[in-house]
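Report on the structure given below.
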Amino acid sequence: MANVYDWFQERLEIQALADDVTSKYVPPHVNIFYCLGGITLTCFLIQFATGFAMTFYYKPTVTEAYASVQYIMNEVSFGWLIRSIHRWSASMMVLMMILHVFRVYLTGGFKKPRELTWISGVILAVITVSFGVTGYSLPWDQVGYWAVKIVSGVPEAIPVVGVLISDLLRGGSSVGQATLTRYYSAHTFVLPWLIAVFMLLHFLMIRKQGISGPL
């Protein structure tokens with residue numbers, strides 16, 4: 001093992017990286033509530049793993065979506081557990097995200113020079129809610145269908161561009177296959193890439209600026 005370590009150390013200076021990670025100063029006022037962001041990240045990683053597992057069996061069509069979800073729940077080995085963990089961690093992720101936002105706000109973590117960290121966090125919150133909206137529709141049951149119907153119809157109240165936005169969300173003038181395809185694409189491809197990018201920016205800024213001081 002020593003030879004392997006020396007080989008990597010010579011080329012990548014991994015000890016310097018390890019020292020930088022493990023020797024970061026943590027202010028004495030930090031408590032358990034400062035872990036809410038990390039818990040949110042953990043929930044997302046669980047979401048990613050369980051969601052990826054379900055893509056092997058889920059069929060994003062209006063005629064097969066519901067049946068494929070039932071197949072996952074009843075026929076796939078541990079499918080019920082994987083989907084249940086996905087749902088539970090989704091709820092936990094939203095809850096932890098909300099508590100994290102409140103903690104940052106109440107402790108003044110949004111103030112100068114951390115404005116950009118706060119903005120990236122707000123964007124991450126919007127993306128998290130978008131995950132919930134798009135994922136809720138994927139079983140394409142009565143609850144999911146009418147949820148999409150309501151959500152996609154809300155923008156119609158916006159003057160001038162409202163109808164255009166609704167048609168963009170639905171993939172047409174009515175809810176159907178195009179809608180499910182768009183929500184599935186957003187849930188499994190667009191939103192994961194967006195949240196990965198903004199998480200990276202968020203963590204890099206936290207790493208650079210450190211944890212904010214007490215009020």
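All residue numbers here begin at 1 and follow the chain in the order shown.
Cβ atoms here come from the backbone N, Cα and C positions, even for glycine.
Predicted, not measured: the structure shown is a model, and the values here were computed from it.
Away from its own ends, the topological domain 'Cytoplasmic' (1-31) comes close to residues 207, 210-211, 213-214 of its chain (Cβ-Cβ under 8 Å, at least six residues beyond either end). What Swiss-Prot lists as topological domain 'Cytoplasmic' is 1-31 (among others).
Annotated transmembrane segment per Swiss-Prot: 32-52 (among others), in sequence order. If one looks beyond the transmembrane segment (32-52) by at least 6 residues along the same chain, the residues whose Cβ comes under 8 Å of a Cβ in the stretch are 82-83, 85-86, 89-90, 92-93, 96-97, 99-100, 103, 128, 131, 188, 192, 195, 199, 211.
Positions annotated as heme c binding site by Swiss-Prot: CYS35, LYS208. Close to CYS35 (heme c binding site) in the fold, though at least 6 residues off in sequence, lies no residue with a CB less than 8 Å from its CB.
Residues annotated as heme b 2 binding site in Swiss-Prot, with experimental evidence given as evidence: ARG83, HIS86, HIS187. Other C-beta atoms found within 10 angstroms of the C-beta of ARG83 (heme b 2 binding site) number 21, with every protein chain shown included. Annotation note: ARG83 (heme b 2 binding site) sits in a helical segment as assigned by DSSP.
The feature transmembrane segment is assigned by Swiss-Prot to 90-110 (among others).
Broken down with DSSP, the topological domain 'Cytoplasmic' (111-115) shows 1 helix, 0 strand, 4 coil. The topological domain 'Cytoplasmic' feature in Swiss-Prot is assigned to 111-115 (among others); the stated evidence is a curator's inference.
Positions annotated as transmembrane segment by Swiss-Prot: 116-136 (among others).
Summarising the annotation, Swiss-Prot assigns transmembrane segment to 186-206 (among others) and lists sequence analysis as the type of evidence.
For the topological domain 'Cytoplasmic' (207-215), the number of residues in each DSSP class (helix H, G, I; strand E, B; coil) is 3 helix, 0 strand, 6 coil. For 207-215 (among others), the entry in Swiss-Prot reads topological domain 'Cytoplasmic'.
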What are the other residues, in sequence order, whose C-beta lies within 8 angstroms of the center of the C-beta atoms of ARG83, HIS86, HIS187 at the heme b 2 site?
-> GLN47, THR50, GLY51, MET54, ARG87, ALA90, GLY135, LEU138
Near the transmembrane segment (90-110), which residues from the same chain, at least 6 beyond its ends, have a CB less than 8 A from one of its CBs?
-> 33-34, 36-37, 39-40, 43-44, 47, 117-118, 121-122, 124-125, 128-129, 131-132, 135, 212, 214-215
